[in-house]
Each structure stands twice: as C-alpha cells, then as structure tokens.
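> First the structure, which I've put down as structure tokens, then a few questions once you've had a look.
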Ligand SMILES: O=c1ccn([C@@H]2O[C@H](COP(=O)(O)O)[C@@H](O)[C@H]2O)c(=O)[nH]1
C-alpha cells in the first residue's frame, strides 16, 4: 500500500503558549514544517498563533474537531477559513448534514485567490479502544467497521479525508480511494511510552499501511533533542535507510 498520494509528518504543537512554541521551534531554524495547532494552544493564543506560524513559512493544521449543529459549524468554518490554515477538521459523529455545512462554510469563507483548507473528519479517536467504544459509548459494531462507515460518510459529504489510526488507513483507502487522505495520530516508536494512546503504530508501519499524514506530538516535543527525534521519525516514515 506504500507510497499512495501525498506524505507528510505533522508535528503536534501541544504547548500552552506562543513562548513555548517559539522555544521549541528554535531547534528547527531554517526548516519548513507542517505543524498542528490544537485546542490548548488555540484557546490560549487565539487565531494570531496561526498567522504567526504561517508567516514563519510553516503549513498549519488547525485541529479544533468541531462538533455542533450544522449552522454553528458552518459559521465557525467561515471564520476559520480566513486564517489561512492548510487543514481543519470536524467530528464525523456530527453526521453528513453537519459535515456538508462545514465544507460549505469553508468554501464561502476562503478568501479569493487563497486555497481552501483541506477539511477532514475525526472517525474514532486513537485513544479509544474497541472495548470502550462498545461498552461505554454503546456503539455496537467492530471499531474498524465504524471507522470505515464514518470515512464513507465523510466522503459522501465532500470532505477530503479522515483522522483515524494507521491501523485503519489501508481499509479506508480501499473503500474511499487514493485521493482521500488518512491523517493518522497515535504514532509511536517501538520503545516509546504509549501514554493515553491505544491504537498506536510505528512510523514505518504507518507508511506500509498507507497513511497519507502522520501526526506526532510528544515523541518529538518531549524529546531531549527535538530536531534529531524529528529527523529519525521522518526517515522511518519516508523509508529512508542509511
Ligand atoms: O484521534 C486523534 C485525533 C487527534 N489526536 C491529536 O494528535 C496529537 C497526538 O499527540 P501525541 O503526543 O503524539 O500522542 C494530539 O495533539 C492529539 O490531540 C490524536 O492523538 N488522536
């Protein structure tokens, strides 16, 4: 399955403020990165953090996982579209009406001459196990089937891809096609702590399973030498053998 479509490593900037982000990025002088701004950073710094990262030449995934009634999501996406992000997301569990509204809001809000951000849908969080999904959330289906079903709903709604575990990437591609992106967090090297993640995959296996993007946070942000950790993971992800 290796090598289908685009491949990028996205670094999750899970930091409390811009000062910490600047401190972290100082290890990467001259590198143009693909970074992710999640709830912690966005809620503390506001939209300005996205403009700042774009000005530095980075690509930005704004990971706010919108999930609300269609009208609210549409309006929120109209606002997000103006930030110049490269990727935004919603929860597929909001349903097709909500996902279509998200897409429409983005299309309406994207300024002329600017590219519409990719819009992807979260299927089942990589911190969710099959047991929790069935026994706690009362979703009475196998996890992989649920992810596939949500991916198909996202595709029907016009979205560009999904967030899932790399464990499901191959099945999603088979069902939704090569052009449909699979953005896969829960990435860990074999010796790493899994922390709160359940469906974890190594960078190398994510490539073999056909992920389009891997999302890596603590294995890089918490490393003693972040640039070295980034390069090692990048090499494993791209299949470069030295
Ligand atoms: O299903 C999901 C959706 C989003 N995430 C986000 O990805 C990173 C992963 O960070 P690690 O430190 O590498 O675990 C984090 O920002 C999550 O909010 C996810 O993990 N799973």
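Placement of Cβ uses the backbone N, Cα and C atoms for every residue, glycine included.
Because TrEMBL annotations are produced automatically, they should be read as predictions rather than curated entries.
In case it's useful when we look at the structure, here is the feature table from TrEMBL:
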type	residues	note
ACT_SITE	63	active site, for OMPdecase activity
ACT_SITE	65	active site, for OMPdecase activity
ACT_SITE	65	active site, proton donor
ACT_SITE	68	active site, for OMPdecase activity
BINDING	14, 36, 63-72, 126, 188, 197, 217-218	substrate binding site
DOMAIN	8-233	domain 'Orotidine 5'-phosphate decarboxylase'
> Hey, does DSSP put residue 68 (active site, for OMPdecase activity) in a helix, a strand, or just coil?
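Reduced to three states, the DSSP call for residue 68 (active site, for OMPdecase activity) is coil.
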> Based on Cα distances to residue 68 (active site, for OMPdecase activity), point out the closest of the binding-site residues 14, 126, 217.
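Checking each of 14, 126, 217 against residue 68 (active site, for OMPdecase activity), the shortest Cα distance is to 126.
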> What recorded positions among 14, 64, 65, 67, 68, 70 have a C-beta sitting less than 6 Å from any atom of ligand 1?
14
> By Cβ count within 10 Å, point out the most packed of the recorded positions listed: 14, 63, 68.
63
> Taking the Cβ of residue 67 (substrate binding site) as the centre, count every other Cβ atom within 10 Å, in any protein chain shown.
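Result for residue 67 (substrate binding site): 18 neighbouring Cβ atoms inside 10 Å.
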